[in-house]
Amino acid sequence: MSRIPKLPTTGTKENRPGLLNSRPISRTIANGLSDADKKNLLLNHTRPLRNGPTTTAPAQRLKRAATAPSSTTLPGKVTKIEKKPPTVAPKIPPYDYKARFNDLLEKHKAIKSEYNDLKDKHVEVSDDYEKIKETAHSSASERDILKEKLLSALNDLREKTAEFERMKIDFEIQKHENEDLHRKTKLLEEISLNLKKKSAELDKVQSDFDDLTRRHTSLKEETEALRVLTEHLKRVSIEFDKLKLDYKDAQEMIVKYKTEAEALQNILASMYKEQRDLRNTIQDLKGNIRVYCRIRPPLESESTKPLFNLNVLDACSIEVEKIELNFSSARKGKSQHGFTFDGIFTPHASQEDVFAEVSPMVQSALDGYNVCIFAYGQTGSGKTYTMEGGCGTEKYGIIPRAFNMIFTSMEDLKRMGWELTIKASFLEIYNEIIYDLLNSSKEQESHDIKMVNSKGTDIYVSNLKEEEVKSSHDFIKLMMFAQRNRQTAATLNNERSSRSHSVAQIKISAINEKRKEKFTSNLNLVDLAGSESGKTTQRMDETKHINRSLSELSKVILSLQTNQSHIPYRNSKLTHLLMPSLGGNSKTLMLVNINQFDECFSETLNSLRFATKVNNCRIVKAKKNLTMVDT
Ligand SMILES: Nc1ncnc2c1ncn2[C@@H]1O[C@H](COP(=O)(O)OP(=O)(O)OP(=O)(O)O)[C@@H](O)[C@H]1O
């Protein structure tokens, strides 16, 4: 901004005119002199040399000039004064005036040229001064502008400062307020935290209180229950005391009754024995082989089938009659036959009616006798229905009813000190081979009939499954299982069930520890194969076997009837199996089943004739299998 040239800083501080006193003005201004200083400075510069406060003599000035620094710097122009090495003037003798004059002349010349130089320099300095003046002038105006600006800036500054001060105060106030707020916030946070804690504590206290309330309620209830219980206990205690007395009385009574019961039990046992003996006397009188005839009613589907005449003459006799219409045949005319048995079951007889007659035989088994009940007759005559029955307890046949009876009697026998074990097995004899009906696997083991002891009075079938039965329900389940197995075999081999003998064996083992008695008895319930003759090759084969076993059965019965020494039991599987139940020590009941269809007349006649043969046979008095228990 300043165009003032830089002046040399060297030189004396004396306020001399000209170059020697030329301090750089710009520097002084820049150094911030006061206005008065600046004025003085300018005046000093412009004052003529002679008006200077310290006017020096020309000789002195010359001398100073001679010793002055060899170079001076002027603003704008730099004049270099060459430094000459000081020449040592030869000492002039005082007498040499000429030389001294020449020397003075020389000095004068030098001063003169110096003067001229200085003059030139003065002119230069004057120019510079003018320039500086101008510059100073413009600087002054600039300074004024700047001053104004400075003033306004100062005003602004003052205002800003005032504003700043205000703001500072405001800031301070704000700061205080902020701090205050901060403090309050902190305080609030602390209060809120405390509140939260208190609230949590309150919640806990509340839940504790609720807990306590609940416990209090339950305790109250328990107390109430306890109170009720205590009252009840009091009552019970009174009752207990009463009962104790009653118990004492009862105990005395029990002892009394026990003695009486024992006496009664003895009476009962002897009565039971008498009753049993009487029963068996009656049985003996009736005969140990008993034959009944059952006539099957035609089914709805058979209602159109022609029937032959069948007259039930009395409870034990029937008459069958067929009128031959084929007059060309030799057997034309009436064919009438009468038969007498131990009983006749008409088509109206129910399963219950049949069992009522059969039950004494089951009772005999429970009394310790071997019993065999078998159904005989042609296919479809009602053998299976008679032995096994149909669905529902009403239609139950002899086998399930016999079991029901055994389990009912077991209770009475228990009361008299008898413990009974009942075992059951189911088998089928087809074409002289024994099949275990309780074994459902296809791979059947071979079954042989073997002797239990050397006396040959009892037999057993090897590899035959024997299940202990605890209830009649167990037995029904077992019987149904055997029926299913028989039906499966029948499905595989058409009509096999009709062509095979089915045997349900029930073994009763009884022991009376008190009386030291025990017995075992066998109850064989047999559904024989159809007695008719077959027509096909296979049927012929089957028939051969069936007929053989049935004729062997008739032979055995005949041998028994005629008291033969040798009874041919072993000639067929059936007779061999039934040996214990057919022999002297047994009771046999045969049910001959017939139907009334005209087409079945001759087979019916055959069945009735066979039954008559059996009926004529009287087994020797049966013996009970009772033995004494080894002690
Ligand atoms: N007394 C009866 N009352 C009502 N229906 C009977 C009677 N007897 C037999 N039936 C019925 O007659 C049909 C033949 O009887 P069942 O099967 O018992 O004869 P079956 O002699 O055993 O024949 P199979 O030798 O083929 O086994 C069956 O449907 C059976 O329900």
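Any Cβ shown, glycine's included, is placed from N, Cα and C.
According to TrEMBL, the ATP binding site annotation covers Gly377, Gln378, Thr379, Gly380, Ser381, Gly382, Lys383, Thr384. Around the Cβ of Gly377 (ATP binding site), 30 further Cβ atoms fall within 10 Å across all displayed protein chains. Taken residue by residue with DSSP, Gly377 (ATP binding site) is part of a strand.
Annotated coiled coil per TrEMBL: 101-288, in sequence order.
The predicted model assigns the domain 'Kinesin motor' (288-617) a mean pLDDT of 85. Annotation comment: TrEMBL describes 288-617 as domain 'Kinesin motor'.
Feature annotation from TrEMBL assigns region 'Disordered' to 1-24 (among others).
Annotation source TrEMBL lists region 'Disordered' at 45-78 (among others).
Only Gly380, Ser381, Lys383 of the binding-site residues listed as Gln378, Gly380, Ser381, Lys383 bring a Cβ under 6 Å of any atom of ligand 1; the order follows the sequence. Of all the binding-site residues listed here (Thr379, Ser381), the one with the fewest other CB atoms within 10 A of its own CB is Thr379. With a 10 A radius on its CB, Lys383 (ATP binding site) counts 28 other CB atoms from all the protein chains. In three-state terms derived from DSSP, Gly382 (ATP binding site) belongs to neither a helical nor a strand segment and is classed as coil. Cβ neighbour count for Gln378 (ATP binding site): 22 (other Cβ atoms within 10 Å of its Cβ, all protein chains included).
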